[in-house]
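Below: one structure, written as structure tokens.
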Ligand code: GAL
């Protein structure tokens, strides 16, 4: 298994490379990612390529058995290049140019920039195609980081018009799909089409607007297509680089480092052209802390992108921030985060960064080593992880996460909800995390999957707020349920067509027959109002949305207990074919949802991995060649006692565990089942 660090040799004197490599080796580091921002060093002047320093560092590393993941440097076009292309920079919706001075300062649709991209990538690929020390490629770096997916420049305008023409073929069709008859927005040709820039009705500052939410006034069909086009532009730019590397006969696999829950690129599409994906995980930094389940779900999404293992290309290894710092990882936390990644399917771990850099924007971003390069507590912890991973790697490589449940994520739905959230408090991704958390709290693993796969391996399928709908998706879901699957739908499902217009079908639209209900009325709950709801799992508050349901064939399992719809149905279950469809018509407090999903999972034939739920304890079930094991992780800063049914062997310590497992703060146990 690859275990390593993000290394920037160009930031350090040549004389230190050997000692760096030795120190790495001592910590079981066998791979580094390099060069992804080093364009100015690789091509200091136009057409003058210098890879000699790279060759040298690769050679130094290889002497210690350390391999390299090579980044294409296109996230940081150098100054000489940026000055050459007048319109290289992205433009925001207020027509402001997003210029030089940080990174990612280019537009994906700039054809001149694509030519320069092709030149540097070709030169790199030709130079390193036969280098056996280069074991993988990374394309660019974190596409979309710093809000760099949607650009409003003239090149994007032209490409957007072409993209639309290709999609709709005739302008009449586009007018019909978008409903441009509304407010006289009818277009007579594709050349007339606009980008959704600042209008009379928009708020002047993107972050302001209603309750800090941006206000969108553009035609929802246009907006959604612009979001799709922007995401596709990134996919296309990435493909340009992938094709070059492949056409140069490079055999090394190609990856890109994604950003977990980042929401401006359809990661399922971005992943299609890659050999594997990786992602960058900073659970605790200047900008906030991520909950245990939010991080786990991001891991599961990354696994879901290609339905297979992934890498951590940047795993937090120190306190970090740009202008101020997040918390310092506590003793054991880096190890815990590493096992969390491995548990969810990471098969390569690269820590960001080898050593804190004394200059530049990221002076405060600490890595394995501090600025002075002296190995301290964090280095020792990583060394320990390195030796454990080396010893246990057989168990992890090509292992499978065993999930009996899945949650569908759709970027089209995410975008549509983003600019029209139905209720100011609604957030699509938070709803997904809430359902994921409910399963996780009950010690049930779930996969995060796109809508276009075969769902038959799952006992339970959750499709939160799947609002934009179309026939082929209905067909898939119907096949799944008829065949015996259990489906959970929620409020705001099926109210729209795929083009982002409201459906004129009776709600829940496409889902009506499956759910066996109609939504007679709804209540968007605002201004601190609360509605009471009642199920056999307890009373709960509804704070955001209440669908008032009328069963056709469904049975009622939850009822409203206040307001004008007191006594009406809130949650139902319908038998359909051999399966069942649950319709949860309102938002639920986490505890109520936990209990409800525990019950639904049990009825769907899913048993929890361990019997007791302890806050802050996470369990993941895996299998390798018929060997089954669970990884139990204590994310709490205190000791916990976990009751187990049966006997296990703990594989890090080789100790037998019978009935009771004690876990220290941030401790991890790998328990093999069916032993003895
Ligand atoms: C990531 C990025 C790295 C580094 C790190 C810390 O988003 O890929 O290059 O910038 O964050 O800011």
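Including glycine, each Cβ sits where the backbone N, Cα and C put it.
According to TrEMBL, the residue from 131, 133, 141, 290 that belongs to the substrate site alongside 103, 322 is 141.
Annotated Zn(2+) binding in TrEMBL involves 151, 153, 156 plus, out of the candidates 107, 201, the residue 107. Of all the binding-site residues listed here (151, 153, 156), 151 has the Cα closest to the Cα of residue 141 (substrate binding site). Here the recorded positions are 103, 142, and the one whose Cβ sees the fewest other Cβ atoms within 10 Å is 103. With DSSP states grouped into helix (H, G, I), strand (E, B) and coil, the domain 'Beta-galactosidase C-terminal' (616-672) comes out at 0 helix, 41 strand, 16 coil. Among the binding-site residues 103, 151, 153, no residue is identified whose Cβ is positioned under 6 Å from ligand 1. Put simply, the two farthest-apart Cα atoms among 103, 141, 322, the recorded binders of substrate, are 18 Å from each other. For the domain 'Beta-galactosidase trimerisation' (404-606), the model's average pLDDT works out to 97.
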